[in-house]
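Student: One structure coming up, written as structure tokens, with questions to follow.
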Amino acid sequence: LVLELNQVIIPTYGTVPDQQNLHTPEWVGFDDKPDSLFFSDGQRRIDFVLVYEDESKKITHKRSDRKKQKRKRQVYESNLINNGLQLEATRSVLDEKLVFVKVHAPWEVLCTYAEVMHIKMPLQHNDLKTRESAFNWFSRFFRVDENIIKPEQEFFTAPFQKEHLANFYIHDKDTFFNPATRSRIVHFILSRVEYATKNNVKKFGINKLLDTGIYKAAFPLHDSDFRHLSTDPKCPSERYLLYREWAHPKNIFKLQPLDFIRKYYGEKIGIYFAWLGFYTNMLTVAAVVGVGCFLYGCLTKDNCTWSQEVCDPNIGGNIIMCPQCDKVCTYWNLTITCESSKKLCIFDSFGTLVFAVFMGIWVTLFLEFWKRRQAALEYEWDTVEYLEQEEQVRPEYEAQCTHVVMNEITQQEEHVPYTACGKCIRMAFCTSAIFFWILLIIASVIGIIVYRLSVFLVFSATLSQHINGTEAIRKYLTPQTATSVTASLISFVVIMILNIIYEKVAILITDFELPRTQTDYENSLTTKMFLFQFVNYYSSCFYIAFFKGKFVGHPGNPVYWLGKYRNEECDPGGCLLELTTQLAIIVGGKAIWNNIQEVLLPWVKNLIGRYSAAARSKKVVPRWEEDYHLQPIGKLGLFYEYLEMVIQFGFVTLFVASFPLAPLLALINNMLEIRLDAWKLTTQFRRMVPQKAQDIGAWQPILQGIAILAVVTNAMIIAFTSDMIPRLVYYWSFSVPPYGSHSSHTMKGYINSTLSVFSISDFKNASKPFSPWFGNQTTCRQVYRDLRYPPGHQHQYEHNIYYWHVIAAKLAFIIVMEHIIYFVKFIISYAIPDVSQKTKSKVKREKYLTQKLLHENDLKVVKKETLGKIADKIMKGADSTFRPKAE
């Protein structure tokens, strides 16, 4: 590959010494054909557009700077022409300062670079018979009408070689390389052509020219307006068809035309929408089961014995709870938590356990079936051997290759951007920066915890909880609820602010690392961003699920945070309801925020741009100028879309035991997300440079890691956050003799036996409440289920036998649940092959044809030439044998 690049690209480098030797684009006027995709001759297709502001009309720059910029641009355009590209310049219709340079790649250039880039092209039609799926009769109701978007023909393909041109399926030279492939080849050239040399260091690439402002934009053209068909008969109006059959909201229940998306936008966009569609389809099953579990909880909540005891005035009404903070908090009645206990019965039920086990298996099925789907797409879209053969070095990496090292494999010298020592220094710096930001997030989480602890005192004093109070508002707005909701909202705001800052930091760190290829760059950035987002989004949920209310001591000896703030306690039913609240706020708020950021802002910007342009002129505007006024897609492309979905995947799987409706909300969000992303790409953004992608990259191992972690987190949520295990232990062991007094297994008496008793005379002065004591009782109950011996016992306030039974049951449950689910996951992974038999057959058939058509023909030619030489030698030998000797 290096030799090929040297042969094709390196000779074009070099400064152009004289102004008169520069090649310049051909200048033409606009021909009043707004939908034309061709040069003014109507024959040469526009493969790329460069936009710059005429230096002679610039006001902001110094004259010397304008001359330098003009010189660099002229050298660059001249070198593009030297590379074989054809340029045509046209001045803007709406703004005379703007100039549009249209780029066309002739046949010879396309063939040369297609070979250098190892682009796979069609050899012959796929002649393998395909079996109709059993679900085809059902899925046809959701497929796009084949009369509108015709199915793509299937071909066997091979890396293009000019010398074997006759073996490729060339029906028409003009359509052999489709527009997406043409744009990709031109962008490859644009990224590697030089524009200046400084201190023997070559400066090259369109990206740097865009960064320095020499060019304002560079993009391939959309082929039509999305609102109507093109007036140009040569244009297929694929953008219009995509909008009508894919991006329009009416298609929300239709399957996506993935092959057509890939044809128009390239494999990288195609694989994203294929993954998102597959994930959404799989969520349908999880959503149905989740709704079933939720309905089960709703139907059985009235039979929830422990909730009935909380709400019973003769049971919960007689239970006085200890204050939840020092001094300012009052004693309160357990019946205040009646409504929250009813809600908790919906989520903390047997259905939750079933759903958690189901989701552990579902996530494995999702990943395994996606591997099969991905393998099929790799073959169909010709990306099977992409990484090994086709991906090129990033121009930013090439530009920094100043150090010479010996390649261990080839034993030849090669240029690299840094030495081994330099690489270690870079890695150490980047790792330190990442850990610093993670610690910053942890510090923000600690800040939220301190807010919770301090504001709880305020709410406890404001929302006075007198025992005899009957105000309706206290039924729903308890100090715990108010603290939880406000802390969740603040946590969400902090998360969004840190996101914005860290995105820029992560990009700077990755740029400093200088990865070799674009895939390496994206994988490195993906790992950093997800690590940050994981801590940022999930830390507050992990705190509520596994730390809040677990280390609080008891009323007479509470645990203090930072030596000042008394540690938080959960409601009598545990922290599960609070975790559900936190999840609902973050997931819902995140979805709304992302849609505003991704859809509303580009729409508003384009709307302002269109109105300002319309105010200036009513002239007919060409396609390239229409596209220029759309929003640029950004350097990271679909990175943020992937990140959004993977974070959502984490919420759906990691904490699903606390919120079984999460898959349903994710399903609804994703059905909208697919169409919003499609609408955004089709109507609001310039056409992306088509890029190859073999798979979803670093997101795949991240999803697998989340799937493994999800089993542990859900098992621990059921064991430590929910109240299920203590209830089961009470039902089977402590409701009957020798520990209980009931004759049969029952949940009656559960509340009374699990809320530990505390004597008010044992309060320390630092925590004794100011409010007077009501009634003749001398004890109060602990809010949380700490299961301690009562006052007067020889081991008073120490953990009782019930506590140790519960701890043993929780640990046993975690071990059993994890091992069962991991075993089932292993069986499923083993039983479902990553590549289907149909795809394997297609790959083998393609390799056979490549061998037969390309390599065996070469052998025949060589063999023929060799046999011809042998025959000539034999004839010469025969002539010399029978020729008479000379006298």
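Positions of Cβ are set from backbone N, Cα and C atoms, glycine also.
Feature list, courtesy of TrEMBL:
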type     : residues : note
DOMAIN   : 38-258   : domain 'Anoctamin dimerisation'
DOMAIN   : 261-846  : domain 'Anoctamin transmembrane'
TRANSMEM : 272-297  : transmembrane segment
TRANSMEM : 350-370  : transmembrane segment
TRANSMEM : 434-461  : transmembrane segment
TRANSMEM : 481-502  : transmembrane segment
TRANSMEM : 529-547  : transmembrane segment
TRANSMEM : 645-668  : transmembrane segment
TRANSMEM : 696-720  : transmembrane segment
TRANSMEM : 801-824  : transmembrane segment
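Could you give the neighbours, burial and distances for every feature on this list?
Tutor: Long-range contacts of the transmembrane segment (272-297) within the same chain, counting only residues at least 6 positions beyond its ends with a Cβ under 8 Å from a Cβ of the stretch, are 255-256, 258, 261, 345-347, 349-352, 354-355, 358-359, 362, 365-366, 369-370, 373-374, 377, 638, 641-642, 645, 649, 652, 656, 660-664, 666-667, 670-671, 673-674, 677-678, 696.
A Cβ distance under 8 Å defines the sequence-distant neighbours of the transmembrane segment (350-370), meaning residues of its chain 6+ beyond its ends; these are 275, 278-279, 282, 285-286, 289-290, 292-294, 296-297, 652-653, 656-658, 660, 663, 703-704, 706-707, 710-711, 714-715, 717-718, 722, 724, 817, 820-821, 824-825, 828-829, 832, 834.
The list of residues near the transmembrane segment (434-461) in space but at least 6 beyond its ends in sequence, with Cβ under 8 angstroms from a Cβ of it, reads 323-325, 328-330, 479-480, 482-484, 486-487, 490-491, 494, 498, 502, 505, 509, 528, 531-532, 535-536, 539-540, 543, 561-562, 565-568.
Panel annotation: around the transmembrane segment (481-502), residues 340, 437, 440-441, 444-445, 447-448, 451-452, 455-456, 459, 463, 529, 532-533, 536-537, 540, 578, 581-582, 585-586, 589-590, 593 of the same chain, lying at least six beyond its termini, place a Cβ under 8 Å from a Cβ of the stretch.
Proximity of distant same-chain residues to the transmembrane segment (529-547), defined by a Cβ-Cβ separation under 8 Å and at least 6 residues beyond the stretch ends, is recorded for 434, 437-438, 441-442, 445, 448-449, 488, 491, 495, 498-499, 502-503, 506, 575, 578-579, 582-583, 586, 590, 639, 643, 646-647, 650-651, 654-655, 658, 702, 713, 716-717, 720-721.
Panel annotation: around the transmembrane segment (801-824), residues 356-357, 360-361, 364, 711-712, 715-716, 718-720, 725-726, 728-730, 733-734, 739, 753-754, 786-788 of the same chain, lying at least six beyond its termini, place a Cβ under 8 Å from a Cβ of the stretch.
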Student: Any residues 6+ beyond the ends of the transmembrane segment (696-720) with a Cβ under 8 Å from its own?
Tutor: 271-272, 275, 352-353, 356, 359-360, 363-364, 367, 374, 519, 522-523, 526-527, 530, 545-546, 550, 576, 579, 642, 646, 649-650, 653-658, 810-811, 813-814, 817-818, 821-822, 825
